[in-house]
């Protein structure tokens, strides 16, 4: 008897139906876990059925033959050449490299190659310093972070055997054994073990019956047990919120640092443009002007365009431009090298050292610990502080007067909480910041639905029943509206995206979880620490902005002074600015005006200062020689003296030393007074060792500096008048 005919498509159809049913069951589980729905979990069949939906078993775990869905993306350690190539993108490095090649060629073709190659080596060494120092620093930081992620391991059960795996290697359906100190590798359920305590301040107690839900990123602080992982990677609640960001939180720099880098890039292009213009002007001047060589008495004549340029003419021109002991192109190259070293080589360490001082001061006086060096400057820009006041455990530690002081400094405070409206209003009343009739009090779900118009978001002062996602969306919306936002939270692991989204993330030392601690910029003892943190941040941003404006102005002027002063003189001026600037950044100067680091704001100020100094430079030629001195060396030293004095005077002016309150702070700072005294002594010694200036010479220097100040004030008044007229139009 013939056997029954089998349908060849039946097996495939059954597998397809089974696969579809399995996907449906997993989707149902993915809805139950985030909502912490114990009843739906019980109706589904509990942990055994959840494990079965992922082809797993609570005791034996996954089978190695099961197709494993990848978890987190593997973290690769970045290569060092990638950081080097990134640093070579600076606008001024390529011309410096070309200049080094020119110097090498000049040394080779000249009869005396002893000096040409040394100048080329000097420039190449500077290039290596500018490229490799920041590259090494960034590479070491990235390597450390990558190794830290790879070092996180957990124990899983597969094929009934225990295995130690890196967290990124855990997949859906894995049975994970958790012990004290382990990081939860994904979202899932506690399936064995009596009780776990995790570092979530609002929901720390986990048990198999009433609260078995575990979420990625939490850390076990007490107890042990096992879990079934149902979501990994981008499917976890934590990463889903992270993906709502418009940027990569690991790559985004603090706003303070971003402003400085934007300005630095702009200044690179400006310096490069000026350098090229000066080089072209100098080239055509030498090309079309008869100049007699001091050594061979040969002159350079303009070429006859109707005939071929002779080899002798090209050789003479090349020697004139490059091979003289004081060739002007060589001086221009040196000036560009000095500018580059000042802006890219010395400036970052100077700023970093000053930030280290301010952060140590915060730690010493207020027990505020920093995680990000540049976050202090960003805090100075903050206009909105969002504070999580969830649960009765966190009745505010912020004194009544501290909250009002924050508001008096122009900072808006927004309270968010998972609790109901009455609870949050009571806290607002206690710290003295009850919402007015113009302020908004909203529900977190209402905000999530988009019921609040975009223009009204700035008016929100209380958001109750605010889940971590709602708080994150609020911080994100405020930033998208152009506001600088600080967020004080970190009570739960899911607060981490809001901490990363905020311009400044702050946690309280004893009221935060582990992942939030790693993601924050500052750790404070209580909410009362926000006021000194804001005050210090404003000092930092204002002082650093003033210093950078002076430094960039000086750097551009150095290019114009390259044909008048020796390279050593230019290095000295650069050093004086850094010494004075560093000492002034460290002072708590009560200035009335804050210098913005935005390029579009600072560049007009720099242009005005440079114009003043260039005009003075041109006017020196009209001053009678008996006043400046008939000796060229004396004229050069007087120019150096005037140039240096005005940079220092400019720095005193921008630091508002004319304000009596600012001046009092300065004269009471002994470190600053010693710095000024020692620098003045060394400057006087250098000037007198070069040329002994008379009393008349010194008087002329002071008068010319005063003239510069009058000219600068006049241009500033004209510019401000034009701006006002433009606004009226």
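Residue positions begin at 1 at the first shown residue.
Even glycines carry a Cβ here, placed using N, Cα and C.
Curation plays no part in TrEMBL annotations; they are all automatic predictions.
Small disclaimer: the values here were computed from a predicted structure and weren't measured.
Here is what TrEMBL records for this protein:
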{"type": "COMPBIAS", "residues": "9-22", "note": "compositional bias 'Low complexity'"}
{"type": "DOMAIN", "residues": "151-245", "note": "domain 'P-type ATPase A'"}
{"type": "REGION", "residues": "1-26", "note": "region 'Disordered'"}
{"type": "TRANSMEM", "residues": "91-109", "note": "transmembrane segment"}
{"type": "TRANSMEM", "residues": "121-140", "note": "transmembrane segment"}
{"type": "TRANSMEM", "residues": "269-288", "note": "transmembrane segment"}
{"type": "TRANSMEM", "residues": "329-358", "note": "transmembrane segment"}
{"type": "TRANSMEM", "residues": "539-565", "note": "transmembrane segment"}
{"type": "TRANSMEM", "residues": "571-589", "note": "transmembrane segment"}
{"type": "TRANSMEM", "residues": "610-628", "note": "transmembrane segment"}
{"type": "TRANSMEM", "residues": "640-658", "note": "transmembrane segment"}
{"type": "TRANSMEM", "residues": "670-687", "note": "transmembrane segment"}
{"type": "TRANSMEM", "residues": "693-711", "note": "transmembrane segment"}
For the transmembrane segment (640-658) and the transmembrane segment (693-711), decide whether they are in contact, meaning at least 3 CB pairs lie under 8 A, counting pairs 6 or more apart in sequence.
yes
Take the transmembrane segment (539-565) and find every residue of the same chain, 6 or more past its ends, with a Cβ under 8 Å from one of its Cβ atoms.
256, 260, 263, 267, 270-271, 274-275, 278, 282, 328, 331-332, 334-336, 338-339, 342-343, 347, 351, 354-355, 358, 376-378, 380-381, 573-574, 577-578, 581-582, 584-589, 591, 594-597, 602, 605-606, 609-610, 613-614, 617, 636, 639-640, 643, 647, 650-651, 654-655
May I have the DSSP-based helix, strand and coil counts for the residues of the domain 'P-type ATPase A' (151-245)?
12 helix, 45 strand, 38 coil
